[in-house]
Amino acid sequence: MKRIFLLIATNMAILLVASIVMSILGVNTSTMGGLLVFAAIFGFGGAFISLAISKWMAKKTMGCEVITTPRDNMERWLVDTVARQAEQAGIKMPEVAIYQSPELNAFATGPSKDNSLVAVSSGLLYGMTQDEIEGVLAHEVSHVANGDMVTLTLIQGVVNTFVIFAARVVASIIDNFVASNDEEGEGLGMFAYMAVVFVLDMLFGILASMIVAYFSRVREFKADAGGAQLAGKHKMIAALDRLRQGPETGAMPAQMAAFGINGKKSMAELMMSHPPLEKRIEALRAQ
């Protein structure tokens, strides 16, 4: 209950702040053009702010320890492997980090190809063979080389804009309909209007999540193919097969999960950021 209240309160606060900022900027959100500007600024603004702080957030939320000086042979091999693959892919050497988790997973993040982070879990580092780990690292380096972080940020910005714009257009239509059937012509009123906007934000947000998840799944297949080029198809398949045999991964912050090697299973495949591992293995074998 507390979480729901905080979610509603946060949404209301964002709307209030957004309205104040738009008023200061002189943008009239009562017109379609003004509303579209409002939606684009906050839709893309939020997405790009998330991208800009993605490395910092990853280090804080996942407890990533960046390897500056390798402490043992395993860490040295890890850094050397990422360096070799980054050179093959034609990108600047990413920061390499380890985070403490028993699950088999890894992720890449960062605002650009030349400012990125590749992190692996301790469970993966000490629970997989070097060939399998090399396949995982190649997948993550491929994400960076393909510019997937920026691509998904742009997609997220577009769908955010759609959600903000569409929710308020539909809410205005409902408000006008209520006003036309009300003797006093008052419409929904401020609080009812904000409640309708909140519900529509949630509904359109679910649709938007499906769209982003679809593009994420497409990028996963491409990262697998890129990983196969960097490490070899057999190592990429071996890595995915090992992940398929392992336990289901736990929760990971959405921005990191989108570029993880192993996605969380979902009853609705439409909401999955990663295709099923079986399909990914089949796609690699078919190449």
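Cβ coordinates come from backbone N, Cα and C, glycine included.
Annotated Zn(2+) binding in Swiss-Prot involves His139, His143 plus, out of the candidates Glu220, Glu269, Glu278, the residue Glu220. Taken residue by residue with DSSP, His143 (Zn(2+) binding site) is part of a helix. Distance from the CA of Glu220 (Zn(2+) binding site) to the CA of Glu140 (active site) is 10 Å.
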